[in-house]
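Here's what TrEMBL has on this protein:
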BINDING   172, 340  ATP binding site
DOMAIN    380-560  domain 'N-acetyltransferase'
BINDING   485, 486, 487, 525, 532  acetyl-CoA binding site
C-alpha cells in the first residue's frame, strides 16, 4: 500500500469512527489530484462530484443544478476548483455529506491559478484553507507529495441509538412532543423551531406529522418557500405511516392527510387544517407569515438559523414581536445538537468561518447616539485587513435580509463597481449601504435595451428605467443603485440610515453620477423612509416579489440636469399608470401602501373640477337617497379632490372609500377586510363618511 493510500485509509477510518466530516485539500496538477480523489472516493458508496468534467462513471452535478440535490445524502463530495469556485453550490452540497464522510477540494497549484484567484475573495478563501480544520496534500521539495498529519484519533462514536418515536437525539424527541402539543393542547399557542443544518429539524416535523396522523384522522398542511424544502418532512412522515414516499407531496391513510400547499395558494384558498407546518419560515415574507398566524389556530414555524442560502436569525428576532402581539403564549424550541454528524465537526466549522455563515452584527449593550457615529466609504482591502469588521458588516447584512448568501460575500469583496459606505461608532459597524455603479452605455446599446433587444449582465437600475419606462437616455447616463441598506438594531430610529443616504448622495454628486435609485419592498415602513430621502416612485412591479411578499417599488433621486429632464416625465407617467391600475392590477394592494402612493400620484395629476350637481348628489347619498352604484364616478372624483387638498381627515373612512370606490373591491372583500356584517352596513358607513366630510367642508 502506498503512503498516500495508507494516509487516506487512516483518515477515512478516523472519520467514520468519530462521525466527523473532514475537508481534504489536494493542491496538485489536475490529473494527479483526480486520481487521489478517486482513491479516497473508493472508500464510500454514495459519492458526488461537483463540476462539469467528472471522471467517467462518477455521479456528478453541475453548479447550476446543485440545488436539486438538497434533501439528499452523500458520504463523499469532490469539488474541482480547477474549473473555478462555485461557492453557492459547494456550500449547499457540503450540507448533504453525512457524518464520517469527506469533502475533497482539488486546488490548482500557485502557477496554475488564473487571474481570478488574485481577487480579494479568492485570496481570503485560500487563506482559510490554511485553517487547522483543513488537511492539505501539496507537492514537497523532492517532487513527492507532502502529506499532512492525521487528526488526533477522537473517541469512537457509536451509531446514534434510537430514542422514542425513532428520534436520534433528546432534542429531537422534545421537538416532536412540542409539535404534538400544538395540536393536542390549547389553541393559539404556535411553536417556533430553530436549528442549524443537520440537527434533525425537518425530520422532527415529519415524525410528528406521521404520529399525529396515526392517532386519529387529521388533516395536516405543509408549506415552504419551495416544494423541495418539504422533501424530508414527507419522507419521515411516510416512514412512520409505513407508506412509500413519492413525488406527489401528498400522503393519505385512514382518513388522515398530509399535503403540501404553496404559501400563496394557502393564503388565497385558506384550506382547513388541524395543523399547519411552515418549514424554512425565514424565507417566507413576514406579511405572509403574519397572515398564516392569524388564519390558523395551530401552527408550527420552523427555520434554519445558519444556512448556505441565508439565515433565520433575523427572522427569529423580527418575528418575535409579531408573535408577542398576536399569540403571547407562543413557544420556542431550539435544536443545537447535530444528528447527521458529531459535535465539533471540522467541515461545519470551516464552512462557518470561511463563508461567515454565523457572522453576527457588532455586540453593543447600549443604544447608539447619532452624535457618536462617523461615516466613511471603505474598500474591500480595508475589510480583508480587519476580519472582525468584515464579520460585523456581513452579520449586519445577514440580519437585515434573509437571502444574504456566500455569493454576496464574494460580491462584497470582489465587485469593482461596488461602493461600500459604513457608519462607525468607535471601531464598530452600526450601519451600511452598498451602492452599485451602473449605466454609461452607448446611445446605440441604450436604445437596444429600451426596445428589449439587448439585456447586458447587471446594471439593473439603468436597464429597468430604460426598458420599463421607455427612457433610453437613462441607460446612457451614469447612476448608482442602492443594493442594501442596513442599520444595527441598537441604532434604529436615530437618523443613521438617512445620514448614510446623505453620504451616498454627496459622494455620487462628487463623482458625477446622474441619478441614484433603489428597488425595495413597498411597505408602510419603507415608503416614508425613502420619501423623506427624496426618492420618488417611477415603477411598481405588477407581481409580488417572491422574497419579500410585497410589490417591488423602483424609486429614483435625480442629481444632474440631464436626469431631471426625464425624471419629470417618469414620475408623471407613473402617476398616470398607477391611477389607472388602482382598480385592476393593484385592487388588492395593502391599504397602508396604496394610500401614500395614490395620494402621491394625485399631487401630480390634473383633476377636473367638481360640478355643483355632483355635490347635490353626494348630499342626497349621505342622507340615504341615491345608491352607491349610481354614484361611483361622483364619489371617485370627490374623494380624489379631498385627498389632494388634504381636507379628508378620517383615516379609517379614507381607507374604506379607497378600497371600494377606487380599488373597486367587492362588497364581500370590503366586509372581510373591515369587519362589516354585510353590504348594508358598509354602504351606511360610506354615507356617514361622506356626510361628515361635507358638513366639515361645505361646498
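Just so it is clear, glycine is given a Cβ too, placed from its N, Cα and C backbone atoms.
Note that the coordinates shown come from a computational prediction; the quantities given were computed from them, not determined experimentally.
Here the features listed in TrEMBL are painted onto the structure.
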{"residue": "172", "record": "ATP binding site", "Cβ neighbours (10 Å)": "25"}
{"residue": "340", "record": "ATP binding site", "Cβ neighbours (10 Å)": "23"}
{"residue": "485", "record": "acetyl-CoA binding site", "Cβ neighbours (10 Å)": "24"}
{"residue": "486", "record": "acetyl-CoA binding site", "Cβ neighbours (10 Å)": "24"}
{"residue": "487", "record": "acetyl-CoA binding site", "Cβ neighbours (10 Å)": "24"}
{"residue": "525", "record": "acetyl-CoA binding site", "Cβ neighbours (10 Å)": "8"}
{"residue": "532", "record": "acetyl-CoA binding site", "Cβ neighbours (10 Å)": "12"}
Whole-number Å value of the largest CA-CA distance among 485, 486, 487, 525, 532, listed as acetyl-CoA-binding: 17
Cα distance (Å, whole number) from residue 486 (acetyl-CoA binding site) to residue 340 (ATP binding site): 35
Rounded inter-Cα distance in Å - residue 172 (ATP binding site), residue 485 (acetyl-CoA binding site): 37
PLDDT averaged over every residue in the domain 'N-acetyltransferase' (380-560): 94
Secondary structure of residue 525 (acetyl-CoA binding site) (DSSP, helix/strand/coil): coil
